[in-house]
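According to TrEMBL, the protein carries these features:
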TRANSMEM  12-41  transmembrane segment
TRANSMEM  53-76  transmembrane segment
TRANSMEM  96-119  transmembrane segment
TRANSMEM  126-146  transmembrane segment
TRANSMEM  185-209  transmembrane segment
TRANSMEM  221-238  transmembrane segment
TRANSMEM  323-347  transmembrane segment
TRANSMEM  359-379  transmembrane segment
TRANSMEM  406-429  transmembrane segment
REGION    437-471  region 'Disordered'
COMPBIAS  437-448  compositional bias 'Basic and acidic residues'
Amino acid sequence: MEFDALLLSRIQFAFVIAFHIMFPAFTIGLAAFLAVCEGLWLKTGHEAFKRLYLHWVKIFALAFAMGVVSGVVMSYQFGTNWSVFSEIAGSVIGPLLGYEVLTAFFLEATFLGVMLFGWNKVGRKLHFVATCAVAIGTTISAFWIISANSWMQTPQGFAVDPVTGNFYATDWIKVIFTPSFPSRLAHMLVAAYITTAAVVLAAGAWQVIRGRVTKPTRWQMRMASGTLAILLPLQIMLGHESGLVAHEHQPAKIAAAEGWCETAPIQGTMLLAWPADNACGHAGITIPGTSPYLFAGKPEGEDLKGLDQFAAEDTPPIWPVFYGFRIMVGAGLVMLGIGLWGCFLWWRGRLDEKGLFHWVAVPGGALGFIAVITGWIVAEVGRQPYTVYGHLRTVDSISPVSTAQVATSLLVFMVTYAIIFTAGTVYMARIATRGFDDDPTGPKEGRRAPGSPLGSVEDPAESGDDIVAAE
């Protein structure tokens, strides 16, 4: 493998987007969680929901800011490393990204200040409207980003200029709503909710382990466990639907993800694989005859394409797609088990009693991020060797940059991200795993009021009230 400018540019983009995607995935789900908490507080008057909101909104503020910064860096690479792609596909991709700024980002920016600094300054209902507006804005942002990416996966509604070779839109409805868009958008949104639920549950579990069980702790663990138990079966169905669409439009991706070497009417499910000296390049442990159940909608008598049907230059890298898919599925199944386990303990009245469950749930907080990142590896690496599937190859999309230039910028990114984002993530984790204020909306001696800019992200002084020692 030669580390030329093309490969290093791909590594750099993958590195940046892997950092970036964690924050939108978290903030989309966390914004919805905050809206639910504030709505429940307004409906029931239960102070636990208010304290949950004021605890997690500080984390949301930090995660939102880090997501914006990492997103700006990612977008710059379209000009620095992928200028040919921008020139050829920019008239289609550019407006979609612009719509995200005009609709989602402006909506979020307008109401974010009210959401963060509006306590005791605006009415309760208006503040709730601001929270809901921010949650809607994060969803709209996902809509446009997934729309742009889905067009790159299953492009339609465009034509090629015969003189310049550039793409231009002929039907914006088809550009926005590509065949892969509905299932991929739903899959991503549910993934965001699951990711947030896993983090919220992990934070609550750590508080139980520390012996700091409060009413908000109990409620966040109940809500998170229920969310995981309900949404993960739905996510499995959405992922399956997305796979069926990919099988129809991107058969090479599915062949790589499933490890199918040869074309056959009935295929199996390969659990593990390893390199082997054969035509396919790998061998593995396979459950035979599963395709009639997994791909029941295919026409009768139609073969399922294996890797032997694609030229080497048209085949995506097998190992990242193959194992990325299995890690994603495995992480999802473990989170489903954690959610069901938590619901069982809730039913038995033992969810706030320290035990093995809580030691499992704490590291389980990272599983949502792992599933999101590996899912994107499957989607993006599986699209190779194209940036716009079937129309524009990755090798033809890169800027005229040298290997040394890309290597230098990649090194700078890695060092900068390692310092800044590690510090930010550790700080958010510290806030998430600490206790709750007894009256966080009023100024206290020795700390800033939540209405002040620094108070919105300040680590609160822990209160000893309403703490029950977990035996």
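Residue numbers in this text run from 1 along the chain shown.
Cβ atoms here come from the backbone N, Cα and C positions, even for glycine.
Automated prediction, rather than curation, is the source of TrEMBL annotations.
Nonlocal intrachain contacts for the transmembrane segment (12-41), taken as residues 6+ away from its ends with a CB within less than 8 angstroms of a stretch CB, comprise 47, 49-50, 52-53, 56-57, 59-60, 63-64, 66-67, 70-71, 73-74, 77, 81-82, 127-128, 131-132, 134-135, 137-139, 141-142, 145, 188-189, 191-197, 199-200, 223, 368-369, 372-373, 376-377, 380, 406, 409-410, 413-414, 417, 421. Residues 14, 17-18, 21-22, 25-26, 149, 153, 184, 187, 191-192, 194-199, 201-206, 209, 253, 257, 320-321, 324-325, 327-328, 331-332, 334-335, 338, 341-342 of the same chain sit 6 or more residues outside the transmembrane segment (359-379) yet have a Cβ under 8 Å from a Cβ within it. Same-chain neighbours of the transmembrane segment (185-209): 24-26, 28-30, 32-33, 56, 139, 142-143, 146-147, 150, 217-218, 220-221, 223-225, 227-228, 231-232, 234-235, 238-239, 242, 332, 335, 338-339, 342, 352-354, 357-359, 361-369, 371-372, 375, 432-435, 470, counting only residues six or more beyond its ends whose CB sits under 8 Å from a CB of the stretch. Listed by sequence, the residues of this chain that lie at least six past the ends of the transmembrane segment (221-238) yet keep a Cβ under 8 A from its Cβ atoms are 33, 36, 183, 186-187, 190-191, 193-194, 197-198, 200-201, 204-205, 208, 332, 335-336, 338-343, 345-346, 351-352.
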